[in-house]
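As given in TrEMBL:
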DISULFID  C153-C189  disulfide bond
DISULFID  C332-C369  disulfide bond
DOMAIN    219-358  domain 'Lysosome-associated membrane glycoprotein 2-like luminal'
DOMAIN    378-409  domain 'Lysosome-associated membrane glycoprotein 2-like transmembrane'
TRANSMEM  376-399  transmembrane segment
Amino acid sequence: MVFFRLSPVPGSGLVVLCLILGAISSYALELNLTNSKNATCLYAKWRMNFTIGYETTSKSNKTVTISDLGNATYNGSICGDDQNGPKIEVQFGSVFSWTVNFTKEKSTYLIESISFSYDTNDSTTFPDAKKKGIFTVHEPVAFRIPLNDIFRCNSMLTAEKKDVIQHYWDVHVQAFVQNGTVSTKEFLCDKDKTSTTVVPVTPTTLPSPTTTPAQKEKPEIGSYSVNNTNGTCLLATMGLQLNMTQDKVVTVINIKPNTTDFTGSCHSQTALLRLNGSNIKYLDFVFAVKNENRFYLKEVNVSMYLVNGSVFSIANNNLSYWDAPLGSSYMCNKEQTVSVSGAFQINTFYLRVQPFNVIEGKYSTAQECSLDDDTILIPIIVGAGLSGLIIVIVIAYLIGRRKSYAGYQTL
């Protein structure tokens, strides 16, 4: 947990910002603004990413997706006063900034507008951009929420304008917090109100959450990839089976590749593969580099709808699976289990992944998992055979000596 302490703002007192990274996901942001009396005046927790399209000097079109928001700062966020309404301002380095404005009416408050700015002068993020400068898209929202209600939208919200697509999900926000206490009364977005109509999955009721669920057929094998400005940067081929336990009910789901969408992002030290479908809001696989020469699966985040309409969400950013040298791929054809938590496991089949250093869109030489390595069985079998032979010889020798002693009588 990291606290940012900013200078006093008129009408809002000392502003304390709380950013929690990793408790939910590397990309989850949580913001708490307090006034001069140290009482909460604005609360927000959300996830988001941005995709920006631009024209290059060679007149081709490129896109850049920003989903790694770990460098966020909040300069300019205020509780509001009689002249100015509350405002959330977020900066992602010097290239991107994002602003949300709120206003108040008699019995409601409004998410009035959302603005997003980006600077194409940054050649690292926008290589060969034809138009240089700071560009801003402004999206009027005017979404009314009852006072003392917290707005919640777990579903994906999309705002598209000009060359910018903004995605938001797992949103919880309350402006004009009463008496410093964030409300437990939720005001749902329309998508969350209809979420119970999502095609349900079939649960298997068991007497104990630790009981193994009934076996299901193996999942189909899907192929997934992520592209950046340099071409394909991540490859993954695998069959995925999800095992969830909630309230002593075990749900087993096989991912169907032909109805599953995928996206992601690639960076020098991290890479993300995100899957989503009708029941799955997102299933994130986050890879990381360690010791500058190996990669591994560091994090898994999932959020999906269950049969009762509730949302099942689990995250773990302290994993250590699928370890292989950089410049190679990781492969495991046998069934393998990724234990994300006691309530959520992923079974993989015919797995092969390469999240870094993909060349010409093809897998590099694979490092196989120990489950696939049958060569270790040869010395085990030979050793066991020799041990058995030695035991037989020793037993025969002892029996022979015993019989030879039996042939003599004591005088």
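Cβ coordinates come from backbone N, Cα and C, glycine included.
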Helix, strand and coil totals (DSSP H, G, I; E, B; other) for the domain 'Lysosome-associated membrane glycoprotein 2-like luminal' (219-358): 3 helix, 98 strand, 39 coil
Fewest-neighbour residue among disulfide-bonded residues, criterion Cβ within 10 Å, set C153, C369: C369
Cβ neighbour count (within 10 Å, all chains shown) around C332 (disulfide bond): 22
Other C-beta atoms that fall within 10 angstroms of the C-beta of C189 (disulfide bond): 18
